[in-house]
Amino acid sequence: MPCLFIFIALLLSSCIGTLKALDQTCGNKVVNTIVVDQAGSGEGQRVTTITYNGHAATDVSSTFTSYPSHIVVRNLSIMNTYNRLTSLTKANGMSWDIKPAVAISVYGDKSAFYNCDFLGLQDTVWDNLGRHHFKNCYIEGAIDFIFGSGQSVYEDCHINATAGALASKVSFGYITAQGRSSDSDPSGFVFLRGSVSGSTSVYLGRAYGPFSRVIFIQTDLSSVVHPEGWYSWHYGGYEMSFTYAEVECKGAGSDMSRRVPWIDKLHSFYTKQQFSISNFIDQDQWISNIPRF
């Protein structure tokens, strides 16, 4: 059993809920699975939570880091508590500086997260490398809070854009910072259905690479979405290389009339086909073959 699971089991031994770390076979592959059984019915995803306040640097601040491939995590909340202050008075009194503080870092290929919460402010989810499937997850933050070079689908996830008590220190934020580096790089973030809401005005994304790729499909976008939608950041001049698109989205934030002029206007039918779960990340049916229990 990987040491990661042993460590988490010890960490959560006094929490509400029960952590199970399982090794299950799927064909000739071992699927490492973390399952949290909730105590009682109707208590939701936040019954069992891992917390940490790391913030020294992005690559060492993560509350939960997953390196191996074939990981499945269910029913777990992961929070980086740095930046999550209880009052602005406290923040002002401490001359508080918002810093990158990662809740989860994912390096392994073929990793899946179901019914999980990820809470932070800046750099909440480091979707680093590999193919990943997030389903029915809650993701909270304000600045680049889903970032990296992963090849991932976020299915039916709720994105909450908020800086909490530090709201006055964040004029506007960014949901994604995707780092696709070349035209042949398969990475990208696809948001399938789900919703975006909150209290902090946010861009849907800013470029973390010259071929950055983020697509929202049939997502409910609230008025917190900045009218321009997208930002080139350090990659001005590469706008025609980005793939930023919104397909059949709805809600007050889906108004395209003031979007940046270089946003992609992709054909709905072909976009939904190209960036479907089966075509984008599950060509070999690793998701379809994840053990259900």
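Note that Cβ sites are derived from N, Cα and C of the backbone, with glycine treated the same way.
Features of the protein shown, as given by Swiss-Prot:
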- 1-21: signal peptide (SIGNAL)
- Asn75: N-linked glycosylation site (CARBOHYD)
- Thr81, Arg206: substrate binding site (BINDING)
- Gln122: site 'Transition state stabilizer' (SITE)
- Asp123: active site, proton donor (ACT_SITE)
- Asp144: active site, nucleophile (ACT_SITE)
- Asn160: N-linked glycosylation site (CARBOHYD)
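Annotated features taken from Swiss-Prot, shown on the structure.
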{"residue": "Asn75", "record": "N-linked glycosylation site", "CB count, 10 Å": "22"}
{"residue": "Thr81", "record": "substrate binding site", "CB count, 10 Å": "17"}
{"residue": "Gln122", "record": "site 'Transition state stabilizer'", "CB count, 10 Å": "26"}
{"residue": "Asp123", "record": "active site, proton donor", "CB count, 10 Å": "26"}
{"residue": "Asp144", "record": "active site, nucleophile", "CB count, 10 Å": "24"}
{"residue": "Asn160", "record": "N-linked glycosylation site", "CB count, 10 Å": "19"}
{"residue": "Arg206", "record": "substrate binding site", "CB count, 10 Å": "24"}
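The recorded positions listed here (Thr81, Asp144, Asn160, Arg206) include Asp144 as those with a Cα within 10 A of the Cα of Gln122 (site 'Transition state stabilizer'). If you take the Cα of Asp123 (active site, proton donor) and the Cα of Asp144 (active site, nucleophile), they are about 5 angstrom apart, rounded to a whole number.
Nearest to Arg206 (substrate binding site) in space, judged by Cα atoms and limited to the recorded positions Asn75, Asp144, Asn160, is Asp144. Of all the recorded positions listed here (Asn75, Thr81, Asp144), Asp144 has the Cα closest to the Cα of Asn160 (N-linked glycosylation site).
Asn160 (N-linked glycosylation site) carries a strand DSSP state (E or B). Taking CA atoms as the reference points, Thr81 (substrate binding site) and Asn75 (N-linked glycosylation site) are 19 Å apart. A straight line from the CA of Asp144 (active site, nucleophile) to the CA of Asn75 (N-linked glycosylation site) spans 24 Å.
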